[in-house]
Amino acid sequence: MTVQHDTPTAAASGAGATERFKSDKSGGGAGTPPERVDLLAREVLSAVHDTIRRHRVTYAEYNALKAWLIDVGETGEWPLFLDVWVEHVVEDVATEHRQGNKGTIEGPYYVPDAPERGSHGTLPTRPDEKGAPLTWTGQVRSTDGTPLPGAKIELWHADDDGYYSQFAPGIPEWNLRGTFTADGNGEFGIGTVRPAPYQIPTDGACGRLIAAAGWHSWRPAHLHVKVSAPGHEQLTAQLYFPGDAHNDDDIASAVKPELMLDPEPAADGRGETVVYDFVLDPVRL
Ligand code: DHB
Ligand code: FE
């Protein structure tokens with residue numbers, strides 16, 4: 001599906017993320033009423049106007065912005081830009097009512113219908129997959145403590161080089177992507193490898209903004225999950241590892257303390273084990 005080149009490029013991963021979004025979600029806001037569009041568009045523009053007046057923005061700066069916005073489109077980086085710098089606030093608002101897990105941003109690299117791996121299994125990996133083995137066990141429950149048998153846990157993450165299958169070249173289609181189904185006690189067990197920290201593409205428009213502003217381009221290492229069960233709100237989250245250099249300054253502002261894992265060395269000496277449970281909120285009536 002994705003445009004493939006020999007080395008990962010911003011344009012190729014941007015094209016893949018754009019295509020993924022269009023096939024999945026781009027129709028979602030189609031029914032937004034005109035009053036709401038009017039209100040939100042006016043307030044966003046007015047925030048831009050205020051910034052221009054407050055900081056005496058020049059024509060040179062205005063033209064730099066215009067060139068950069070054109071560049072975002074040409075490098076296909078609208079999904080990346082929005083998911084890194086905007087989505088975290090939308091997610092906060094969308095989940096602030098929850099009693100169970102609140103979650104965090106989805107990011108641009110989710111693909112539905114990843115291979116089924118049962119209740120206890122391993123993610124698809126290459127025979128020579130790099131990275132320390134990670135064995136994760138957990139349970140999915142409702143907010144009243146009832147286990148949720150049959151809950152779906154979709155897991156996807158970057159490899160030891162920080163790349164996602166289907167968005168970087170040369171990786172098998174479903175590598176490090178899988179769907180698990182909780183057993184009769186709501187429990188699951190997942191074998192994978194620890195992902196590496198992820199650097200957002202530096203050779204596209206987002207990378208050029210980061211360089212021009214003197215920021216850094218790193219996200220801490222993370223596992224992406226979506227957890228769903230009938231009658232419950234779907235949880236979209238990411239789980240992080242203690243000690244990562246970028247837990248405190250994630251470029252995507254998506255780290256929350258409750259999403260921190262607590263891995264321990266495995267008893268058999270092979271990598272690490274971790275326990276992490278999920279609590280889903282019943283759908284509000
Ligand atoms: C981006 C990548 C991610 O893996 C993620 O979780 C969030 C954002 C990005 O490149 O925009
Ligand atoms: Fe990610």
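Yeah, the Cβs are placed from backbone N, Cα and C, and that goes for glycine too.
Just so you know, TrEMBL annotations are computer predictions that nobody has curated.
Annotated in TrEMBL:
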- 9-18: compositional bias 'Low complexity' (COMPBIAS)
- 136-145: compositional bias 'Polar residues' (COMPBIAS)
- 35-101: domain 'Catechol dioxygenase N-terminal' (DOMAIN)
- 1-35: region 'Disordered' (REGION)
- 97-148: region 'Disordered' (REGION)
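Below 8 angstroms of C-beta separation, residues 1-3, 75-80, 108-109, 164, 166-169, 201-207 of the same chain, each at least six residues beyond the ends of the compositional bias 'Low complexity' (9-18), sit close to that stretch. Under DSSP, residues within the domain 'Catechol dioxygenase N-terminal' (35-101) fall into helix, strand and coil as 53 helix, 0 strand, 14 coil. Counting residue by residue with DSSP, the compositional bias 'Low complexity' (9-18) contains 9 helix, 0 strand, 1 coil.
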